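Database features, via TrEMBL:
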TRANSMEM  31-54  transmembrane segment
DOMAIN    46-295  domain 'G-protein coupled receptors family 1 profile'
TRANSMEM  66-86  transmembrane segment
TRANSMEM  106-125  transmembrane segment
TRANSMEM  145-163  transmembrane segment
TRANSMEM  202-226  transmembrane segment
TRANSMEM  247-266  transmembrane segment
TRANSMEM  278-297  transmembrane segment
Amino acid sequence: MPSHSNGNLSMVYIQDFVLEGFGGSLETQTLLFTLFLALYMVTLLGNILMIIIITLDARLHSPMYFFLKNLSFVDLCYSSVITPNALANIFSSSKVITFTGCATQFFFISLLATTECFLLGVMAYDRFMAICSPLSYPSTMCQSACTRLVLGAYCGGCFNSVVQTSFTFHLPFCSSNHINHFFCDVPPLLQIACGNTAINELLLFGICGLIIVGVMFVILISYGYITVTILRMRSGAGRRKVFSTCGSHMTVVTLFFGTAFVMYAQPGAIESMEQGKVVSVFYTLVIPMLNPLIYSLRNKDVKEAMRRLSQKHMAVRRMCCW
């Protein structure tokens, strides 16, 4: 590693990082590997199945399911950016990740997490338009408008990712190359930086806090109007259908924003790395696994689409046997 001397300060510029991950005995590491692998496989299966069902079933070609398909894609990519490398490092003796590899992983994590945040806001707005303005809904949420909203979510995620990545990886990392985490994230990277991290912490809490509060404001306003509309409904069946659809989304919103706030939008998050690791497992593995389960188990349309797809598959198998 190249070094530079400045008076009494000798700085060694880091070319590789070591992801410490979780400590413990061989039995603990084996248990973690089994747990991570099981969660990841369920995440892959659930999100890929959701994408296939929505793509193949014409009855699900609506704005709500278009956004849900994009949410599944983001969850699939998000978990895949982190989990395979984390699994490989559990039994690795070196646990090394290059500077470029760490920056690349960091960029995509920030991009996908922020995009998911915006998508959840878009999905709340979609439900608001569908329930509160059903007559103007088809024209307002046309295909081009839905595409622009999704592209806007990705652009917002890209902007935040570029800012966070550029500011974080322009810091001098000279005190240590050991990252107290199982992937490259802002808080553990700021801990090992030897420069002034005040601007980075301000950006972390400022931008992430602004995004979380802004999107939550959109969601709360949307569901405030939705609640008023539901209370005015005379049909019990209509109320149950709306509650079923919106209940799934609110469950996902609560899980996502609760963990995001604990991790990024409160002072002191940078110091509590051990707590951060546990929370990170939840939002990198558990939430992407739960999202398709929540939407499929609580959504009648998705369950019926799964049944139709299964029936078509069985019919094809019978034709092949004959």
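FYI, residue positions are counted from 1 along the chain as it appears here.
Keep in mind that glycine also has a Cβ here, set from the backbone N, Cα and C atoms.
Any TrEMBL annotation is an automated prediction that lacks curation.
When each of 106-125, 145-163, 202-226, 278-297 is checked for Cβ pairs under 8 Å to the transmembrane segment (66-86), 106-125 comes out on top. Highlighted: of the candidate stretches 31-54, 106-125, 278-297, 106-125 has the greatest count of Cβ pairs under 8 Å to the transmembrane segment (202-226). For the transmembrane segment (106-125), the residues of the chain that approach it from at least six positions outside its boundaries are 64, 67-68, 70-71, 74-75, 77-78, 81-82, 149-150, 152-154, 156-158, 160-162, 164-165, 168-169, 183-186, 189, 211-212, 214-215, 218-219, 222-223, 249, 252-253, 256-257, 260, 283, judged by C-beta separation under 8 angstroms.
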